[in-house]
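Chemist: So that we are looking at the same thing, I have put the structure below in C-alpha cells.
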Amino acid sequence: MGSPVQLSLLCVVLASLLLPGKGVFINRERANNVLARTRRANSFFEEFKKGNLERECMEEICSYEEVREIFEDDEKTKEYWTKYKDGDQCESSPCQNQGACRDGIGGYTCTCSEGFEGKNCELFVRKLCRLDNGDCDQFCREEQNSVVCSCASGYFLGNDGKSCISTAPFPCGKITTGRRKRSVALNTSDSELDLEDALLDEDFLSPTENPIELLNLNETQPERSSDDLVRIVGGRECKDGECPWQALLINEDNEGFCGGTILNEFYILTAAHCLHQARRFKVRVGDRNTEKEEGNEMVHEVDVVIKHNKFQRDTYDYDIAVLRLKTPITFRMNVAPACLPQKDWAESTLMTQKTGIVSGFGRTHEKGRQSNILKMLEVPYVDRNTCKLSTSFSITQNMFCAGYEAKLEDACQGDSGGPHVTRFKNTYYVTGIVSWGEGCARKGKYGIYTKVTTFLKWIDRSMKARVGPTAETPRTAGPPN
C-alpha cells in the first residue's frame, strides 16, 4: 500500500486536472506522462549491470542486441528472439510422425524422421532402392514403384524377400575363417549361351602355345612405358582370410608377374595386357607370402585364355581377360571367390561408395622390388572429370579412377590384373581390374582400373563358353561381325 503522503499527492494531481474549464478527458501523451513507470536502474549504472532476461525483455521491451548480451550465444539468441518477436510457431506441434520442429520468424521448419517427408512430415516415403538399398541384403531393383531384392550367385533369397542366404561353406564375397570344407561351384547365370556367339566377342588362346605370337595383333602400335603398368604402395598386409579372392599369375621361373581375381572354382579374372608378359604361366591361389608355405597355397594350370579382342595395347582400352583352369579350385582358408554384381545396381550403389579395396604383390614403391607379402589398400573413388584432367592419356568409358591426389598410397608394378573390390553390407564385389597408371603414388596422379560393370555380360558369356575341365584345344576368334 502507498503511504498517506503519496495518496494525497495523487489526489492533488488528479484534482488539478479537473480545474474549471477543463475537459474530463486528457490526451494520451499527458496521460502516459502521469502514469509512466520509473526504470529500476538509473541510466548510468544500467550499463554496468549484467543483462537480465526478466528486467530487459519482460518488464521492458528489449532489442536483439540486448538479448544477445544476455545469452552470449548466437544460436540461443536466435532461438529466443524468434519466439519473442512473433510467438512460438512450434507450440502447436505441427510436425507429424516424430518430426523435430524448429521455430522461425513467421514460420517453422520440420526435420522429418527417416521414411517421411513433406512440410509437416505427413508423407510416407516408399522404401525404394535409394533409401538403405530398399532393405535388400544384396541386389536391389525397382519394379512398378516397389522393391525387388535378389542375390549373387551361390546365395538364395530368404523368406523375408530381403536377406541373402548361402549354405556353401565359402560363399563369394566373404572373408574366410578356418573352415576347410570344399565349396560347391558357383553359377553366374541360369541362362544358356551359344558358344559361337561368345566367340564373337573375345579371343581364345591355349596357354600351351606362345601367347606372344598369338597376341601380337597390334605389335606395330606404340605401347605405354613399363613404368606405366599399374601396378601396392602404402597400404597394409592382408590379414589371414582377408583377401581370399587374390590370385597370382606365375611365369616359368615361378615368379609372380600379375594378379587376378577368383570368380569361381574354374575362372580367374585378370588384365589383357598381362598376357603379353610371359610365354607360359600358371595361377597360384591361397598365397599370402611368396617366400613361405602356409598350407593353403595351390597352383593350377590354365586350360583356356579368353582375352577381349578389342583390347588396345596403346591405350589399354578393353583391358580384360578371363582364364579357365584345368582343375577346379578347392575353396578354403585364404581361397574363395569375390562376387560378381549386377550392372545397374553396381553402378548406382557400389561405385557410389566412398572407397574400394585393391590388393596384390606389386612393388612397395615406384622403383622398388616386388613384395613377397600380399598387401591391401583402401582407395577412394575419384570423380571422372577430376581424373581426366590429371592425365594426358585417354580415360575411356571402360575405365575408372581411384586413389589419392597426394597421399603416398597406390597400386604399383606387379599388381596389374589384380582385384579392385567394393564392400557392401560385409560382402565384397568385383568392381575393377588393376590396369595402369603413371608411376606409383605420384602427386596428382591416380590409378586407372578396368570398369568391370561394363563387361559383366562379356564375363558371363566367357565363363559359359566351355563346360568342363577337359575342353578341346581352343581357337582364336575373329573380330565381331
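Glycine is no exception: its Cβ is also placed from the backbone N, Cα and C atoms.
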Chemist: Pick from Cys101, Cys110: the cysteine that Swiss-Prot pairs with Cys90 in a disulfide bond.
Modeler: Cys101
Chemist: According to Swiss-Prot, Cys121 takes part in a disulfide bond; indicate which of Cys112, Cys129 is its partner.
Modeler: Cys112
Chemist: Choosing among Cys243, Cys274, which residue does Swiss-Prot name as bonded to Cys258 by a disulfide?
Modeler: Cys274
Chemist: Among Cys129, Cys149, which cysteine does Swiss-Prot link to Cys136 through a disulfide?
Modeler: Cys149
Chemist: Enter the number of other CB atoms within 10 angstroms of the CB of Cys274 (disulfide bond).
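Modeler: Excluding its own Cβ, the number within 10 Å is 26.
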Chemist: To what whole number does the mean pLDDT across the domain 'EGF-like 1' (86-122) round?
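Modeler: Averaging the confidence scores along the domain 'EGF-like 1' (86-122) gives 85.
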Chemist: Out of Cys121, Cys136, Cys401, point to the one nearest Cys62 (disulfide bond) in space (Cα versus Cα); all of them are disulfide-bonded residues in the record.
Modeler: Cys121
Chemist: Of Glu79, Asp319, the recorded positions given in the record, which has the fewest other CB atoms within 10 A of its CB?
Modeler: Glu79
Chemist: Spatially speaking, which of the disulfide-bonded residues Cys110, Cys129, Cys401 is closest to Asp319 (active site, charge relay system)? Use C-alpha to C-alpha, please.
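Modeler: Ranked by Cα distance from Asp319 (active site, charge relay system), first place goes to Cys401.
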